[in-house]
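Right, one structure below, let's go through it.
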């Protein structure tokens, strides 16, 4: 019977499942090459061995950080392709002619209605001879050519003065002004159209920015869902954590000595994390009421202090920007000082506050991953919001100014001005980070070669996970902020393993949560710039429009024929009733998933109770059996 069944199962396989291409070497090579290319594109092949060594030396929390860093590199590669392919390369190849700066948007007065999204505006090239001007205020509705000429001629004079001074060149490098201002690094350089080439540069600019933010949103939603998918299964594993580590923690397929050493270090880190959690729970159970009240008061005082420092930094940045705008009319050195003062202030807050928060969190006695989360959130609210407050304050000042063609006006091209703010913050942060890594840390590591206890203590540099995560998120925030205003802006072993170890899964979820926070913060000033601020006349692809988003409606309003349904969908979604219905649908979907998660958690808890009852029943029956087997005194 067995042999006949074996023959029946083997014969059909030989005749149907073996295809012709499975025996062809060319097809095998193509499939193997495709899988290898997929691994390389996913960056798994390049990072795999490096990440294993990092996990073995520094623990799972540092491994989670570098895994997070790998995800950021993948995201930024995609964003670079979108921005460079949609904005930079076409603008350089098709719209690099300076005469294309004469193109701009012209809005006519005969609009079809107040509520008609299809306003009567068009893209035209300015005729220089037909433009009547006073000194800087134009009578003609086509103002952008004269404004652009005033702006660029003033920049040429500044560049000629700065070329002969090394100090001025350094100042231009730090601020992005002078020699760097009229370049493709900033949004002001890009024209509204490529002329007769058929390339609508302004529409490509808007769609590329929108695509970059959409890709970032989808990326974060995917990874957050991936990390939090396992969270309900880890809520009640405290009672079996040591058993899971002891019986399932070792990989018995490991044969090499180096691989075994790496697995041993990872195993030790997991045991250390479990003991830290267990000791924290024991200390928590032994707390008296007096200690509990003291702990609550300490945490309340620390939180009040932290909130006061954060609000104070916001207020300080706001008033410093206001004062700097009133004092930029002085000499060149004084102007540089007041223009660069907000950037230095933001960098000072970013350096001092995280160190202070790391120090005070030790006296709040949180659990390991809670301490990491609290430190990250506090540092994020300083580093990210200080940058966002700086840009937001600039936007408020810009919104209060009228559009002027005076070349002495600091906001004659406010898009470039905002890009310069982000650029200056990035350059200063990069200088500080490079100095700390390649000068301070390397020098401290070199001190360990001397036989001195104090020098050896100073040479021990701990890999501080929250600080490095904050650096990555901060740079990613700068990248998102610069997409609109600066589109082109896109290890040596010096550390020892951290004394505090955190779980990799929880760390990854926290890192992505912090990244989502940064993304939402970046959307506020950039959304305000796109939706509510009037573009400059002297520069930018949207010159002449009332708002930047009107370039999208210009294209949608001209959809006819088979593509008319896109116009209907876009303008229907814009209705308040439809928006309200979509919000309600999203809230209902969110409520459904939350209820589904709660039901699954309840099911897991019920199953755990059943297992506990079954275990107790077995223990009870075993005790009863042992008592029955014990002979009595008279037997």
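Each residue, glycine too, has its Cβ placed from N, Cα and C.
Under the heading transmembrane segment, TrEMBL lists 75-95, 203-225, 292-320, 340-361, 373-398, 473-497, 509-533, 576-599. Under the heading domain 'TMC', TrEMBL lists 413-491.
Break the domain 'TMC' (413-491) down by DSSP state and the numbers are 61 helix, 1 strand, 17 coil. Here the transmembrane segment (292-320) sits against the transmembrane segment (373-398); at least 3 CB pairs are under 8 Å, leaving out pairs fewer than 6 apart in sequence. Below 8 angstroms of C-beta separation, residues 184, 190-191, 193-195, 197, 199, 201, 204-205, 207-208, 211-212, 215-216, 219, 476, 479, 483, 487-488, 490 of the same chain, each at least six residues beyond the ends of the transmembrane segment (75-95), sit close to that stretch. Per-residue pLDDT, averaged over the domain 'TMC' (413-491), rounds to 79.
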